[in-house]
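Comments concern the structure below.
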Ligand SMILES: NC(=O)C1=CN([C@@H]2O[C@H](COP(=O)(O)OP(=O)(O)OC[C@H]3O[C@@H](n4cnc5c(N)ncnc54)[C@H](OP(=O)(O)O)[C@@H]3O)[C@@H](O)[C@H]2O)C=CC1
Ligand SMILES: O=C(CO)COP(=O)(O)O
């Protein structure tokens, strides 16, 4: 597992609790020491006891040596630079699994596309995991489901069988595009939910945004080749509900701070964990423009981030001026 933040550490626990031998790369030696010796990650998962078998190192070659499956859980904007560092260390036949929920600024690439580009591997070696997976709840072993997706059903199945235990259930699909975009787009809708929450609007406003947000997520993803049913499943609606409802969500939290009147730069200073949605807004809008997809909610989030729209004005603008064609 590369990345010892809240999700990398939690997912490593899921794998270890499923009976796998797991090594975790933490870029800070003191964190690697804490995980290996105290079986704790107090920066990211306070109060959680990690499995005795889990060990960590700040040395990439130690962690990657002999790996059959390599899981990636660093912030999306840092993936490419990290892959360039580890490229030569990844064993030849290892499967590569992305746990990340962002798209790259500048290229608009999904994480699996960055992996394929930087590692030059066959698509069957790559899988992505997504779903309603708030790290701290899973670290507390609360029952949860996720989707493992790969262009190869065999790969998705092999990884899903690895990523399961008594509290974590993995489903399989081959719609990588829908699975990845679901995880990215729900972050943006969660920022919108946080904004209206911070302003003080209630449940009707939020339900309207969640429902229209799902339509926006689906239109966008289908335009890029996703299957609509993927967005109606765990990687779409499931994750949208979890992220929009929970104060554990960093995207939701970032939105709430914006809604309370903090500026984008102030929010960035206050966040000590990764809120992927903030970096994905611009590339997602660029991708939407390239396909002529209308994204009224995401566009309003971008305006609030830019400071050109007051958070309290976001709700009246959330739909287009066109006469609505459906629900
Ligand atoms: N947390 C969650 O509930 C879930 C998160 N995800 C996704 O997982 C991915 C990782 O997020 P998460 O673990 O939550 O983030 P965190 O902020 O909790 O942790 C980020 C991790 O990445 C490391 N890191 C930061 N910058 C770099 C860099 N430039 N190069 C290498 N490592 C770096 C951090 O190290 P350090 O501590 O040294 O700064 C830390 O280990 C995101 O894409 C997120 O959307 C998906 C599902 C659930
Ligand atoms: O992806 C997540 C839950 O599925 C975590 O959401 P946040 O990144 O907003 O905390």
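Every residue, even glycine, has its Cβ placed from backbone N, Cα and C.
TrEMBL does not curate its annotations; it predicts them automatically.
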Recorded NAD(+) site member, picked from 250, 256, 312, that accompanies 3, 4, 5, 6, 7, 8, 135 in TrEMBL: 250
Site co-member for sn-glycerol 3-phosphate according to TrEMBL, given 101, 131, 239, 249, 250, 251, out of 186, 206, 291: 186
One of 68, 158, 229, 276 listed by TrEMBL as binding NADPH at the site of 6, 7, 27, 28, 44, 101, 135, 250: 276
Residue 250 (NAD(+) binding site) versus residue 131 (sn-glycerol 3-phosphate binding site) - Cα distance in angstrom: 16
Cβ neighbour count within 10 Å of residue 186 (active site, proton acceptor): 32
Distance-selected binding-site residues near ligand 2 (C-beta under 6 Å), from 3, 6, 101, 251: 101, 251
Secondary structure composition of the domain 'Glycerol-3-phosphate dehydrogenase NAD-dependent C-terminal' (175-314) [DSSP: H/G/I, E/B, coil]: 108 helix, 0 strand, 32 coil
Candidates 5, 6, 7, 101, 135, namely the binding-site residues, that fall within 10 Å of residue 186 (active site, proton acceptor) by Cα distance: 101
Nearest recorded site to residue 8 (NAD(+) binding site) by CA-CA distance, among binding-site residues 27, 44, 101, 251, 276: 44
Cα distance (Å, whole number) from residue 276 (NADPH binding site) to residue 250 (NAD(+) binding site): 8
